[in-house]
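K.L.:
First the structure, then my questions, so here it is.
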Amino acid sequence: MSRPYDSMEPKVMDDDMLKAAVGEQGPQEEAGQLAKQEGILFKDVLSLQLDFQNILRIDNLWQFENLKKLQLNNNIIERIEGLTNLIHLVWLDLSFNNIEAIEGLDTLVNLEDLSLSNNRISKVDSLDALVKLQVLSLGNNQISNMMNIIYLRRFPCLRTLSLAGNPVSEAEEYKMFIYAYLSDLVYLDFRRVDEQMREMAKMKHQYSIDELKHREAQLQMKLEEEQAKQEKLEEHKMAFVEHLNGPFLFDSMYSEDVEGNKLSYLPGVRELLEAYKDKFVIICLNIFEYGLNQQEKRKVELDTFNECIQEAILENQDQGKLKVAKFEEKHLLNLNAIREETDLSNIEKKLTECTESIGELFNTLMILEMQLVEQLEETINIFERNITDLVGLFIENVQSLIAQCRDLENHHHEKLLEIAINTLEKILKGEMDEDLPDDVRALFVDKDTIVNAVGASHDIHLLKIDNREDELVTGINSWCAHLVDKIHKDEIMRNRKRVKEINQFVDHMQSELDNLECGDIID
């Protein structure tokens with residue numbers, strides 16, 4: 001799909017291009033001048049227009065994390081990429097490019113309007129994550145298979161579709177097929193769907209649609225079951241007790257234990273293993289239930305902390321707003337009085353009073369902020385102690401339970417070794433009545449061989465138990481450290497932001513006063 005500007009030199013989406021685009025589309029006049037002076041942060045941009053730029057590759061958009069509308073039409077883009085961070089995107093135009101495949105849209109879960117018309121796309125897929133999609137423009141591509149239409153049934157919000165100019169749109173059954181299989185569609189190829197035609201299409205394809213709905217219902221049920229399992233697993237991971245609500249840890253001990261599996265053929269070992277497994281799983285379940293209980297306590301502690309923090313911040317903000325409101329009321333009266341004053345000495349006196357007033361406001365707001373910092377610091381320190389104590393208690397009790405698992409393993413090891421030695425003696429004396437597999441009998445050549453085999457099995461089991469303990473302890477300690485670190489960093493950022501706001505407000509007040517002095521009075 002060659003375009004006149006394809007012969008131009010391809011451009012790179014670098015910072016200069018993005019800054020220029022943001023500047024051109026930003027606020028104008030006084031607001032625009034202020035924005036240019038202070039600089040517009042990419043994360044604050046909601047809409048970005050980059051059409052007709054001869055862009056070959058999408059890049060450097062990761063900072064536009066709050067972008068809602070992106071226009072990249074009429075370029076020479078060959079691949080959909082570089083959009084991963086734009087999770088708030090609602091509207092995306094990639095029409096009139098050289099795109100051959102739909103890809104790179106998995107994180108755009110809020111996208112409602114997508115235009116891919118006038119490209120080289122031959123297959124409709126890789127849109128599964130776009131659950132809010134309402135408008136899809138795919139006109140003038142290379143789509144030829146009617147099955148692409150059935151794929152679009154997974155988008156419950158889809159109301160507008162454009163496929164005109166594709167080979168598929170030339171099929172005799174094109175419209176009837178779409179009317180039947182996309183029953184909620186309102187507009188097709190820029191025309192409203194004819195309701196009579198829709199009903200006729202439904203009747204014609206009724207049997208096929210019923211079969212398809214049945215398959216979709218079964219698939220949906222499986223997906224919901226898998227989703228529920230995954231959600232439960234995530235809950236268990238948050239509690240650091242995943243896969244401890246059953247025989248998973250015990251089974252993992254034997255999954256790589258070649259010698260242990262051979263030894264299970266010895267007389268009496270099966271019964272020994274069953275009893276061992278039952279007791280081991282009970283301890284794992286105790287760890288699991290205790291972990292969920294402690295996770296709930298940590299959640300309550302964190303929720304209470306966040307509520308206290310927000311309450312303190314809001315109360316402080318209300319006090320600050322009250323001080324500012326009183327200041328602004330008085331300041332406005334003073335400004336009006338200065339404008340009406342004709343005596344120069346009185347004007348200078350009032351200007352001095354206004355400047356002092358601004359200074360007093362600054363001091364008041366900064367004192368409020370310092371008080372808040374101290375209050376929040378105390379709250380954070382209390383929370384840090386509480387959450388650290390909860391984590392420490394959790395680790396201590398879990399380690400005690402895991403020690404019981406080791407005791408069971410040690411006891412099992414002793415019993416297994418006893419059975420193995422007795423079996424060796426029977427084999428050497430020719431008193432072994434039971435048949436054993438050849439690879440098992442090969443272990444009983446001498447005492448050292450069988451003792452080493454039992455010991456190797458025991459070492460594997462202890463290693464699995466130790467690794468699971470390390471995983472749990474490391475996991476919750478890391479979580480606690482990262483949480484506390486983030487809380488401290490967030491508070492530092494909040495404080496810096498607030499101090500900056502106070503300084504900017506005070507500077508603005510002083511600038512307004514200075515402009516009044518230099519303008520209204522001297523003139």
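Any Cβ shown, glycine's included, is placed from N, Cα and C.
Pulled the feature table from Swiss-Prot, pasting it below:
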REPEAT    44-65  repeat 'LRR 1'
REPEAT    66-87  repeat 'LRR 2'
REPEAT    88-109  repeat 'LRR 3'
REPEAT    110-131  repeat 'LRR 4'
REPEAT    132-153  repeat 'LRR 5'
DOMAIN    166-204  domain 'LRRCT'
COILED    204-242  coiled coil
COILED    333-393  coiled coil
K.L.:
So what's near the repeat 'LRR 3' (88-109) in sequence-distant terms, Cβ-Cβ under 8 Å and 6+ beyond its ends?
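P.N.:
Contacts of the repeat 'LRR 3' (88-109) (Cβ under 8 Å, skipping residues fewer than 6 from its ends): 1, 3, 51, 65-82, 115-132, 137.
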K.L.:
Taking residues 6+ outside the repeat 'LRR 1' (44-65), which of them lie with a CB under 8 Å of any CB in it?
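P.N.:
That would be 5, 8-15, 17-18, 21-22, 25, 71-88, 93.
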K.L.:
Using DSSP, what's the helix, strand and coil tally for the repeat 'LRR 3' (88-109)?
P.N.:
0 helix, 3 strand, 19 coil
K.L.:
In the repeat 'LRR 1' (44-65), how many residues does DSSP assign to helix, to strand and to coil?
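P.N.:
Reading the DSSP string over the repeat 'LRR 1' (44-65) gives 1 helix, 6 strand, 15 coil.
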